[in-house]
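> Quick one: the structure is below, questions incoming.
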Amino acid sequence: MTIINRKTAPALLALALFGGAAQAALVPPQGYYEGIEKLKSSDGDFRCEAAPRPYTGSLRFRSKYEGSDKARATLNVASEKAFRASTKDITTLEKGVSKMVGQYMRDGRPAQLDCALTWLGTWARADALMSSDYNHTGKSMRKWALGSMSGSWLRLKFSNSQPLAAHQAEAEQIEKWFARLAQQTVRDWSGLPLEKINNHSYWAAWSVMATAVATDRRDLFDWAVKEYKVGANQVDEQGFLPNELKRRQRALAYHNYALPPLAMIASFAQANGVDLRKENNFALQRLGEGVLAGARDPSQFTAHAGVKQDLHDLKIDSKYAWLEPWCALYHCVGDTLERKHDMQPFDSFRLGGDVTRVYDPGAESKK
């Protein structure tokens, strides 16, 4: 018989009552529980293309900024072409899975789900993207692909329609592969000096966060939160990221590019009882407001970066997909809310697809 000291009994009771809550299963934001929009029984004109060849080779790719100076802001057309060619199968997988999952969540056609599972299963069985021979561009592709795949997977895993219920063996194999990729991503992006931590680290943290929730891995969740805090504390009082200001004419574009992963991480953290909104005096809010102001009038970015800004990316609506999680965190009003509505829907394969359906499912009815 176990004897419990009266002094320790209350503590043990508290642990029993609240300890489980502290380690509750990880969950995504509420929108990921949405079911299939309108179930269609036939396969329609959907045809499953053959899965792209699993990429198991060396992750050494040319950078599209090859030959550029330290600012890494001048595009090398020949290098970009070589990069696109060598990473084509990876990008085809990312975009294809995102598209098929989106189609399935809209129409519920079994062939759409089966095809997405076939593609992911083919790569999982090959243990693709796990090469230990990589350069910076290669490890960047690994984490981008993981974020795309895990982000899409969350819509299947948590949907009230339970599409994976009849595919548990396949799902387990795919999720184990995601977990291996996430563990490697943690190794790839850990321990960097502050001057080397920029948007790449934030995107790595997003991929790990998405995988943490998909696989219920608290260690991965904690790492993503830790990396988020590093990023948030890089935002200065005026809302600038010093390491992105180094990108010269693309400083504003890279500030904008840093926002999607940070906003998604904060949103996922909040869903699990970790409120990151106030980190570094509301850094994420400050960063977003600065980018929105810069998109209207880039003069402050021009002054801080020391060169006129390239606004090409700032004219593409999908580049503002971060507004969905950001507005869910900070409750946008007025001009910001109007701008968000004007640009919806937001579809970003690197965030797992249609983020408007996740965060603002009634958006279409507002138009």
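Every residue gets a Cβ built from N, Cα and C, even glycine.
Okay, these came from Swiss-Prot:
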BINDING   Ser63, Lys64, His136, Thr137, Tyr254  substrate binding site
SIGNAL    1-24  signal peptide
> For Ser63, Thr137, listed as binding-site residues, tell me which one has the smallest number of other Cβ atoms within 10 Å.
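So among Ser63, Thr137, the binding-site residues given, the one with the fewest Cβ atoms within 10 Å is Ser63.
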> Counting other Cβ atoms within 10 Å, pick out the least crowded of the binding-site residues Lys64, His136.
His136
> Using only the residues recorded as binding substrate (Ser63, Lys64, His136, Thr137, Tyr254), report the maximum Cα-Cα distance in Å, whole number please.
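Maximum Cα-Cα distance: 17 Å.
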> Applying a 10 Å Cβ distance cut-off over all chains shown, what neighbour count does Tyr254 (substrate binding site) have?
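So the number of other Cβ atoms within 10 Å of Tyr254 (substrate binding site) is 22.
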> Any idea what DSSP makes of His136 (substrate binding site), helix, strand or coil?
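Once the DSSP labels are grouped into three classes, His136 (substrate binding site) ends up as helix.
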